[in-house]
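Novice: Here you go, one structure.
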Amino acid sequence: MDYAKSLSQRLAAPVSKCVSASASMTQQLLASPAPPPRPYRVCNWDRSLRKGVMAPSLAELVCQAQSALDMAGPISLVLDEDGTAVETESFFRTLEEGTVLMALSKGQSWAAPKTPGYQLGLSRKPPRRIDVACVTFDLYKTHPRDLGCLNVKATLYGTYSMSYDLRCYGARRLMKEALRWTLFTMQATGHVLLGTSCYMQQLLDATEEQKEGENRENNPALPNLLPLSLPALPRS
């Protein structure tokens, strides 16, 4: 009997250790880690006293604010920017770091700051920026011999976009195309100049002929003024 009792005790000891270890690990896993303390700013009802405190929870923040502002009796916390009451832990966790809170005692109430444009804290988020127009330039190469390609993309109000792809080929081909266009331009310019010169020459010739005709009408010729035959001289 003694041997059986000792054997049962020896077998039960490891089992009890395993059960206790598993229970302790389960408690550690179920227990949520404590949130780290975050910085906040607190002030009294007339904003004459301001303090910075660190608190991980709402209850701790109330205690820290009461101690820092030296306020007796129970207090309540509201947002300094608009007077919103902070009463639940879930709402407290949504506050950003550096939020300004006002501590109010019994009989005190929140009031807007007297100075226009006065902001005590940094809890107000900046307004969302809307881009009216955005232009991007992308320079790339498709071949080592290419000069490069340029992609221009314009976006309006973040919704409408349009792009243009300008591709530049090899330097040799680009030079050949430039010379071809230059030659075509020179030929076209020559034709235009030649046609203009011919037209101007014809215009000048027509003007000179018109002037000669007018001069002939205004000044008759000398043979027309003289008589056709002279009288015969008398004989001696």
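Positions of Cβ are set from backbone N, Cα and C atoms, glycine also.
The compositional bias 'Basic and acidic residues' annotation in TrEMBL covers 208-217. The compositional bias 'Low complexity' feature in TrEMBL is assigned to 218-236. Here TrEMBL flags 36-112 as domain 'CIDE-N'. Feature annotation from TrEMBL assigns region 'Disordered' to 208-236.
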Novice: Can you break down the domain 'CIDE-N' (36-112) into helix, strand and coil residue counts using DSSP?
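Specialist: So the domain 'CIDE-N' (36-112) is made up of 16 helix, 23 strand, 38 coil.
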Novice: Give me the DSSP three-state residue breakdown of the compositional bias 'Basic and acidic residues' (208-217), ordered helix, strand, coil.
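Specialist: Summed by class, the stretch gives 10 helix, 0 strand, 0 coil.
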Novice: So what's the average pLDDT for the domain 'CIDE-N' (36-112)?
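Specialist: Computed over the domain 'CIDE-N' (36-112), the mean pLDDT is 89 on the 0 to 100 scale.
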